[in-house]
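*Asks:* Below are the structure tokens for one structure; questions will follow.
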Amino acid sequence: IEVVMGGKEGYLLDKSNGCKRSCFFGSTSWCNTECKSKSAEKGYCAWPSCYCYGFSDDSKMWDLKTNKC
């Protein structure tokens with residue numbers, strides 16, 4: 001039996017400014033590490049921002065409704 005923990009996905013939030021966490025082409029491994037450090041299962045660079053999969057349900061992600069950029 002496989003248990004799926006957290007299924008939210010979205011852009012990684014830069015808490016310092018409320019924007020999406022920026023990235024450049026070729027920085028997928030960096031985004032993957034950053035996403036995992038914020039409780040996501042994996043991530044990649046969806047230029048120009050890091051996109052993460054498998055956030056836990058209580059994780060904070062970038063949200064268009066509260067966008068401050």
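Using the three backbone atoms N, Cα and C, a Cβ is placed for every residue, glycine included.
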*Asks:* If you check Swiss-Prot, which of Cys35, Cys45, Cys50 bonds to Cys52 via a disulphide?
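*Replies:* Of the listed candidates, Swiss-Prot names Cys35 as the partner.
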*Asks:* Looking at Swiss-Prot, which of Cys19, Cys50 bridges to Cys31 via a disulfide?
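*Replies:* Out of the candidates Cys19, Cys50, the one Swiss-Prot links to Cys31 is Cys50.
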*Asks:* Cys69 (disulfide bond) has how many other Cβ neighbours within 10 Å of its own Cβ?
*Replies:* 8
